[in-house]
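Asks: So that we are looking at the same thing, I have put the structure below in C-alpha cells.
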Amino acid sequence: MQHNTYIYILTMKLLGFALAILLVVATCKPEEEITCEENVPFTCSQTDRFNKQDFESDFIFGVASSAYQIEGGRGRGLNVWDGFTHRYPEKGGADLGNGDTTCDSYRTWQKDLDVMEELGVKGYRFSFAWSRILPKGKRSRGINEDGINYYSGLIDGLIARNITPFVTLFHWDLPQSLQDEYEGFLDRTIIDDFKDYADLCFERFGDRVKHWITINQLFTVPTRGYALGTDAPGRCSQWVDKRCYGGDSSTEPYIVAHNQLLAHATVVDLYRTRYKYQGGKIGPVMITRWFLPYDDTLESKQATWRAKEFFLGWFMEPLTKGKYPYIMRKLVGNRLPKFNSTEARLLKGSYDFLGLNYYVTQYAHALDPSPPEKLTAMTDSLANLTSLDANGQPPGPPFSKGSYYHPRGMLNVMEHFKTKYGDPLIYVTENGFSTSGGPIPFTEAFHDYNRIDYLCSHLCFLRKAIKEKRVNVKGYFVWSLGDNYEFCNGYTVRFGLSYVDFNNVTADRDLKASGLWYQSFLRDTTKNQDILRSSLPFKNGDRKSLT
C-alpha cells in the first residue's frame, strides 16, 4: 500500500502544481489573492506569504485528540460512552459506530507520534482516559499501572520530539462505575472522586506535564448529556426523548454544570496548593460559538445577547465573579443552584489559562417562553439558534449538514473574551473541519481542500485578533491529528489531517492535502503551490493580497 500511496501523493503534487499555475495565469496576478478579511470566498495558495512566522516565536502550533475517540477499549475499564453507545447504538452514529476499537492508539501510539513529527507541530493536546488509570473510578479501588505506563511512554515520546503535552483530565468519558453508583456529575460525590483522580495524575505525570486541562467543554455534558440525551450518559425528560433512561431536562443540566464547576475549581486549588512547585499551568476548556442577530430588530439583538450569556457566561461568570449571569438567575429562577461564599471564592480566578474551542457561528432570534411542563435548559435563554438569517443567508461556507462556518467569528470570540473576562491567557484548543467519512480509500480522502480553506481563514482572523486587538493567545491546536470516532457521528465524518484506515488501523497514517498544507505552514517559507488550491469560488473574479 505504501509504495502506491507515495506514487499517488507525488502525482497529486504535480497535478496540484499544474492547477496552481493555471489559476495564476488564467485569472490573476500572484499578488492579487483573496484576503482573509473577506467573509467568502478565501484562498490560501502560498504559505511563503502566510505562515507561522506571522505569529510570535513562542506561539505553540499543535494538533488535538481525545482518549475515547482514538485509543480503543483495550486495557481500560468501561466508561459512560461505552455504556451509551451499546445501550443506544443508533445514537453513536448513523453507522452505529462506537469507540470500541477506533484507531487503537493504545497499541499504535508510536504512529501518532510519527505523524506529529512529520507535521512539525510543537504541541499535542490529548486526554487521559479516567477508567484506564482507575478502572473502577476510585483511587481506593485500585490503580492500573499499565495505564500509567502507557501515558508515561506517550508523554516521554512527545518530549523526546520537542512536542509539548497538553493533557485533558476529563473529556466526557466518566468511568461507568461512578455513573452507576451515583449518576456521576449529578451528585457532589464526584468532586472528591475527580480530585483524587487528578491528584494521582499530578503525582505521576506532573514532572513532565506543564499544561493541564481540567474539563473539556463545560457546556457539553450538561446540555447534550442531560438535557437532550444525545450524548452520554443519555438522560433527559421523557417528552424530549422517550429513549432516555431517566432525567429532567429542566433541572439536571444545571446541577451537572454546577458540580462540574466545583470539581474544576477544587482540582485547580489542589494543583496550586500542593503541586505549584511543578511549575505548570491549569485551566478549563470552553466550547465557543459566535452569535449574530437573526435580523435587525431589537428582539433579535437582545436574543443574541442572551445566547452569549447562556452559552458562554453560564461558566465564565462563575469563573470570574463567583456567580451565574443575572439573566440566567432571572429566567431560570430556583432551578439554578447557588454558590455559597466559600464556593464563590474557590471559583473566582480558578484558571491560569482558558482553552477555547471554536467551530461555527449561529444566528439568534427571540423565542417565546415554554409552558411549565416543557421547560428545558435548551430554551431557557428565550433565544432560538439557527444557521440561516431572516433572508435565508448563512454566515459563511458550509461546515456540516445544516451548519456553516464564519472565520470572522474567531476574531469576535477572542475579542469578546478579552474585553468581557479580563484579558485571559488563551489557547485555541480545537478548531477543525469535517469531510465525508465511511470506508473511503486514501485516494478519495486526500482531496480535503475545504479543510485547507477552513484552517487558513480561521488562522488569518486569529492573527488579526492577536496583532490588532492584542488578545493574549499563545497556541492553536487543529482538530484533529487523524481521522477518529466522532461523538454521535461514528465514522461517517473525518476530521483528520492524516488518514486512518479503520479496516487496517496498524497501517501508516498518511497526510491528506490539509496535513501537507499545515506542514508547509509550519515550515515558515516553503512555497506550497504544488499541493494547494482554493475550493471556494472567487468573488467576481477579483483577488487581493493577504495583509
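Including glycine, each Cβ sits where the backbone N, Cα and C put it.
So Swiss-Prot lists the following for this protein:
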type	residues	note
SIGNAL	1-28	signal peptide
DISULFID	Cys36-Cys460	disulfide bond
DISULFID	Cys44-Cys456	disulfide bond
BINDING	Gln69, His171, Asn216, Gln217, Tyr359, Glu430, Trp479, Glu486, Phe487, Phe495	beta-D-glucoside binding site
DISULFID	Cys236-Cys244	disulfide bond
CARBOHYD	Asn340	N-linked glycosylation site
CARBOHYD	Asn384	N-linked glycosylation site
ACT_SITE	Glu430	active site, nucleophile
CARBOHYD	Asn504	N-linked glycosylation site
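Could you tell me the structural context for the features on the list?
Replies: According to DSSP, Cys460 (disulfide bond) is assigned to a helical segment.
The local packing around Trp479 (beta-D-glucoside binding site), expressed as other Cβ atoms within 10 Å of its Cβ over all shown chains, amounts to 23.
Spatially close to Cys236 (disulfide bond) yet at least six residues away along the chain are Tyr226, Ala227, Leu228, Gly229, Cys244, Gly247, Ser249, judged by Cβ distances under 8 angstroms.
Neighbour density for Asn340 (N-linked glycosylation site): within 10 A of its CB lie 9 other CB atoms from the protein chains shown.
According to DSSP, Asn384 (N-linked glycosylation site) sits within a strand segment.
Following the DSSP three-state reduction, the secondary structure of Glu430 (active site, nucleophile) is strand. Taking the Cβ of Glu430 (active site, nucleophile) as reference, residues of its chain lying under 8 Å away and at least six apart in sequence are, in sequence order, Ala64, Arg125, Val285, Asn357, Tyr358, Tyr359, Phe477, Trp479.
Note: Asn504 (N-linked glycosylation site) has no non-local neighbours, i.e. no same-chain residues 6+ apart with C-beta under 8 A of its own C-beta.
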Asks: List the Cα distance (Å, whole number) between Phe487 (beta-D-glucoside binding site) and Asn384 (N-linked glycosylation site).
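Replies: Their Cα atoms are separated by 24 Å.
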Asks: When you rank Gln69, Asn216, Asn340, Asn384 by Cα distance to Cys460 (disulfide bond), which of the recorded positions ends up on top as the closest?
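Replies: Comparing Cα positions, the candidate nearest Cys460 (disulfide bond) turns out to be Asn216.
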Asks: Gln69 (beta-D-glucoside binding site): which of the recorded positions Asn340, Asn384, Cys456 is the nearest Cα neighbour?
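Replies: Closest by Cα distance to Gln69 (beta-D-glucoside binding site) among the recorded positions Asn340, Asn384, Cys456: Cys456.
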Asks: Rounded to an integer, what is the Cα-Cα distance in Å between Asn384 (N-linked glycosylation site) and Asn340 (N-linked glycosylation site)?
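Replies: If we compare the Cα positions of Asn384 (N-linked glycosylation site) and Asn340 (N-linked glycosylation site), the gap is 32 Å.
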Asks: Using Cα coordinates, what distance in whole Å links Asn340 (N-linked glycosylation site) and Cys456 (disulfide bond)?
Replies: 45
Asks: Max Cα-Cα distance in Å among Gln69, His171, Asn216, Gln217, Tyr359, Glu430, Trp479, Glu486, Phe487, Phe495, the residues listed as binding beta-D-glucoside?
Replies: 18
